[in-house]
Amino acid sequence: MTAQTEFDEATVQDVVRLAGGHDSELRELTQKYDPAMISRLLVAEILSRCPPPSNDTPVLVELAIVHGSERFRHFLRVVRDSPIRPVGADEGFVGMLVEYELTELLRELFGVTHERPAGVRGTKLFPYLTDDEEAVEQIGTYLLAAQQGTEAVLAGCGSRKPDLSELSSRYFTPKFGFLHWFTPHYDRHFRDYRNQQVRVLEIGVGGYKHPEWGGGSLRMWKSFFPRGQIYGLDIMDKSHVDELRIRTIQGDQNDAEFLDRIARRYGPFDIVIDDGSHINAHVRTSFAALFPHVRPGGLYVIEDMWTAYWPGFGGQADPQECSGTSLGLLKSLIDAIQHQELPSDPNRSPGYVDRNIVGLHVYHNVAFVEKGRNDEGGIPTWIPRDFESLVQASSGGAT
């Protein structure tokens, strides 16, 4: 049974919400749900966060999660070039015991991030060796492996802010390092959302038609947003990517009615990222359908505007003929932000985007659209509209 099938989405979101609250809410959580189930959920989350191990010698790290008189023991096999995975207690040498109180581990994983360098957990090296001579004999074989293996497991037991560029490389996404250099921009614009219980929708799961590829970007966002729920939309079936806090949806980003339906079901979203087909008409359809489902204060991101110049993607080689492209959309958003400054026209009324866009940040091949109430008021009509009259009015009549 996978984490995705054992833990339904509503339960996971409820656990995350309560874990970020007051101690009374943590108590409510452990009364509302079976502690054994919570323990399994936490281990599934930890395994998804652990970096690649560096130890050459296989070793087991025992993760013990304690709640009152109950003790839930999980043995994790750690070795280089393999994912960390649960095994039986007799399937290797236990190099380290790591013990957490259930509520402490809930806070470490799903609470609002806080630095607690000490006093969070208990540890014991070579916990099941009772003979000192035997322990000395094992030092040469397992000491380094226990250290490196424990480091990898503990890295998955917290919510310290990761480096997005490193995550992009770990999960093999094109957002940094060879085709693009987006991660510094993402870090700048996403950092304030990191500790929130965000809902992120990314269009384009990756891997194209390959039945086993894709999902790297979704895993990157899952790691970056430790309390977030990540959705991925793709024209192909990418359900093999589904796991705890990641859900994929199959569908066409150029189908406005479909986009509206999924947004009503899974939104509103804090962040939408369009890294889909990059066909210009698709980009514009998706924005029109999904921007209304971004919450106030949220972001809509468009990647890969280079296709605006490529006719094979519905683009225009001449920048002056860009009205139907992704860049044409972005250029129109500047007027939308400034709509209250446009000359009065009885035949024109502000649209939804005009009233709900407050910022636009455009970089090489990636743009961030800020949503909010765009109603600060234009310059009053009694302010002169020509320079000389403005100077005279502002000079108190002085000449």
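Using N, Cα and C of the backbone, Cβ positions are placed for all residues, glycine too.
All protein chains shown were included, and the count of other CB atoms within 10 Å of the CB of SER217 (S-adenosyl-L-methionine binding site) stands at 23. DSSP gives SER217 (S-adenosyl-L-methionine binding site) a helix state. Under the heading S-adenosyl-L-methionine binding site, Swiss-Prot lists THR173, GLU202, ILE203, GLY204, VAL205, GLY206, GLY207, TYR208, SER217, ASP234, ASP252, GLN253, ASP275, citing experimental evidence as support.
Shown in sequence order, GLU202, ILE203, GLY204, SER217, GLU303, ASP304 are the residues of the chain, 6+ apart in sequence, with a C-beta less than 8 angstroms from the C-beta of ASP275 (S-adenosyl-L-methionine binding site). Positions annotated as Mg(2+) binding site by Swiss-Prot, on the basis of experimental evidence: ASP275, GLU303, ASP304.
Per Swiss-Prot, the feature active site, proton acceptor maps to HIS278; the stated evidence is experimental evidence. Other C-beta atoms found within 10 angstroms of the C-beta of HIS278 (active site, proton acceptor) number 21, with every protein chain shown included.
Secondary structure at GLU303 (Mg(2+) binding site), taken from DSSP and collapsed to helix, strand or coil, is strand. Between the C-alpha atoms of THR173 (S-adenosyl-L-methionine binding site) and HIS278 (active site, proton acceptor), the distance comes to 16 Å. Around the Cβ of ILE203 (S-adenosyl-L-methionine binding site), 26 further Cβ atoms fall within 10 Å across all displayed protein chains. The Mg(2+) site is defined by ASP275, GLU303, ASP304, and by the 8 Å test on Cβ atoms against their centroid, the other residues of the chain that qualify are HIS180, GLY204, ILE273, ASP274, GLY276, HIS278, ILE302, ASN365, VAL366. Rounded to a whole value, the Cα-Cα separation of GLY207 (S-adenosyl-L-methionine binding site) and HIS278 (active site, proton acceptor) is 15 Å. Taking a C-beta cut-off of under 8 angstroms and a sequence separation of 6 or more, ASP252 (S-adenosyl-L-methionine binding site) has the following same-chain neighbours: ILE235, PHE258.
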